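J.: Provided herewith is a single structure, encoded as structure tokens, for subsequent inquiry.
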Amino acid sequence: MPRLFVSSVALMGAALLCSSSSLAHEAKTVEVTTRSAKPKGENIFKGADMYVNPYFQEELDSSIKTASGEVKKTLQSIRGLSSAYWLDVKSKAPHVRGFALNTANYQTVGEMCPFWDYCLGGKNVNATCCDDPCKLAQQYNAGNNEMNYALLLHNKTTTLWPSFEPRFVIDTGRNGQADMRDSCSNWCNIRGAGIGHRPTVKTGSPLVDAFLWLKTPGESDGCTQILPGAEKEQCPRFDSMCMSVDSIGSLESDPRAPEAGLWFDYQIKELAANARLDG
Ligand SMILES: *[C@@H]1O[C@H](CO)[C@@H](O)[C@H](O)[C@H]1NC(C)=O
Ligand SMILES: *[C@@H]1O[C@H](CO)[C@@H](O)[C@H](O)[C@H]1NC(C)=O
């Protein structure tokens, strides 16, 4: 990873992305086929781009039972959404295609500007594509939103390595709200966050292959020091970032958070209450 980008908040969680060349070259016209499959030795993704995850549905069902009103409606409406693109065979990923951005993080998608440094140096401050909830542009960071971050990475990567024209996917599992954090470096179970754009290959930019829920909404980012439950067990993998002022669990009145990756009923309901599935 070029050192240039290390200071960027948006880089947190950037990961290498492998993707099929068919999705690659026809991202604009590809028909999204969705399959809801019951695996039994068979390739559950055969003939489908996206996949409705039955495990996620089960987790959601457990929260739908105790939800009400708008939150319940939102939870029910996301139950049938496909949330993954699966590379099940090596031949689907003949080369590294680009980067997964915002993985498990909370930076907004935003709008892509005409070029990567459009918002820097006090230029175009009032353009919508320069909206900058984390005040990054004034630190000369062009990643004010994930679309512009893709543009920035594309420019820098292509400059350094002309034969590599990266494409991107953006994790939209928890980035529906823009301005809910005290500090944008906080990443653990953020209070006031919402689910972001529903998974789609229609991103509005040929540089961005898809918006995906790479980290499933509702799965905890990390635990509080004391785990949920009457036993008041210590969490073995506690990370102090999960006690940030922005993290659910840092207030006495909050519920305790389970281990990273485990279902967090309180969080999915908050994410659903603040969801912006249409961006
Ligand atoms: C941006 O908007 C503010 C408030 O409406 C205005 O005062 C300012 O002149 C605008 N700046 C530019 C560069 O257009
Ligand atoms: C990257 O951006 C710079 C500055 O805007 C521009 O001069 C250059 O041509 C761009 N490079 C590529 C490979 O697009």
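Just so you know, glycine gets a Cβ as well, placed from its N, Cα and C.
Copied straight from TrEMBL:
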- Asp221: active site, proton acceptor (ACT_SITE)
- Trp187, Lys215, Glu219: substrate binding site (BINDING)
- 1-24: signal peptide (SIGNAL)
J.: Just going by other Cβ atoms within 10 Å, which of the recorded positions Trp187, Lys215, Glu219, Asp221 has the emptiest spot?
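T.: With the recorded positions Trp187, Lys215, Glu219, Asp221, fewest surrounding Cβ atoms within 10 Å: Lys215.
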J.: Within 8 Å of the centroid of the Cβ atoms of Trp187, Lys215, Glu219, which other residues of that chain place their own Cβ, given that this set defines the recorded substrate site?
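T.: Neighbours found: Ala104, Asn105, Gly173, Arg174, Thr216, Ser220, Asp221, Ala260.
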J.: Can you give me the Cα-Cα distance between Trp187 (substrate binding site) and the residue listed as 'active site, proton acceptor' in Å, rounded to a whole number?
T.: 8
J.: Between the residue listed as 'active site, proton acceptor' and Lys215 (substrate binding site), how many Å separate their Cα atoms?
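T.: Answer for this pair: 9 Å between alpha carbons.
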J.: According to DSSP, folded down to helix, strand and coil, what is Glu219 (substrate binding site)?
T.: strand
J.: Rounding to the nearest whole angstrom, report the longest C-alpha distance spanning Trp187, Lys215, Glu219, listed for substrate.
T.: 13
J.: Looking only at DSSP and grouping its letters into three states, which state does Trp187 (substrate binding site) belong to?
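T.: DSSP call for Trp187 (substrate binding site): coil, neither helix nor strand.
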